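Asker: TrEMBL feature annotations, pasted as is:
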- 30-50: transmembrane segment (TRANSMEM)
- 41-276: domain 'G-protein coupled receptors family 1 profile' (DOMAIN)
- 59-79: transmembrane segment (TRANSMEM)
- 104-126: transmembrane segment (TRANSMEM)
- 147-168: transmembrane segment (TRANSMEM)
- 180-200: transmembrane segment (TRANSMEM)
- 221-244: transmembrane segment (TRANSMEM)
- 256-278: transmembrane segment (TRANSMEM)
Amino acid sequence: MKHIINLYENINDTARNNSDCPHVILPEEIFFIISIIGVLENLIVLLAVIKNKNLQSPMYFFICSLAISDMLGSLYKILENILIMLRNMGYLKPRGNFETTADDIIDCLFILSLLGSIFSLSMIAADRYLTIFHALQYHSIVTMRRAIIVLMVTWTGCMGSAITMVIFSHHIPTVITFTSLFPLMLVFILCLYVHMFLLARSHARKTLTLPRANMKGAITLTILLGVFIFCWAPFVLHVLLMTFCPNNPYCACYMSLFQVNGMLIMCNAVIDPFIYAFRSPELRDAFKKMIFCSRYQ
């Protein structure tokens, strides 16, 4: 989707001339290597949950949803690099039907990665909220069947939204919708956090203590959310600036960092599995069993 994904190529020449900021160019090999690492790490997370029955719970299914989102973001860059390599080698006709179709599919993966991350983090936040403040009713509210239904509906909606955004990518309402999902997710999670804080104060006044494991889950969510904002916010800002002030020299100066912003997105997929492993002893043990299988079997 050239208007949203390949923004670096579409920066207006006038804006470039008016800006004194040089464009930061990063080697494609770095993107490719980080993307491969991101795919492998998140694949390990998925395999760990699939192979360990004690991890097959709604919470870890929501984590798997986030891992799939991260993996799609890395896979997008790998496929894009392969497509560019084939075009440079002369196997693809520039701007031909196949390349156009492949571009649209790759762009769908990118948008699906962002949408999947947004809704996966929202589901994890809602799950943490229910775990902490509705602990007695949690297992009756968040059943495996309901979790799977929520995931299926969410990913179906994300896929439909990604395809729609690619088709109407050159329309301003599409860009506004694409970028508005980011702050809406933050508002939703912030509301949950405020409510959790108020309830936590109420529990403290009643001399009740919240389970340490549940609070640890909330802290893990906070770390995941912070990393997601740090890695994706610069790109979302880039989309807004490219849409609404492409000729402004100050906007063009920020947009010169496009590849750096893209690198941050790739890094998000690499960082998240380390957060899971560091914060979850169960998942960490599952990783050890997978890596040193002969030792633990």
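Heads up, the Cβ atoms here are built off N, Cα and C, so glycines get one too.
Any TrEMBL annotation is an automated prediction that lacks curation.
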Asker: Do at least three C-beta pairs under 8 angstroms join the transmembrane segment (221-244) to the transmembrane segment (104-126), pairs 6 or more apart in sequence?
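Answerer: Counting Cβ pairs under 8 Å (6 or more apart in sequence), the transmembrane segment (221-244) reaches the transmembrane segment (104-126), since there are 3 or more.
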Asker: Quick one: do the transmembrane segment (59-79) and the transmembrane segment (256-278) have at least 3 Cβ pairs under 8 Å, skipping pairs fewer than 6 apart in sequence?
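Answerer: Yes, these stretches are in contact.
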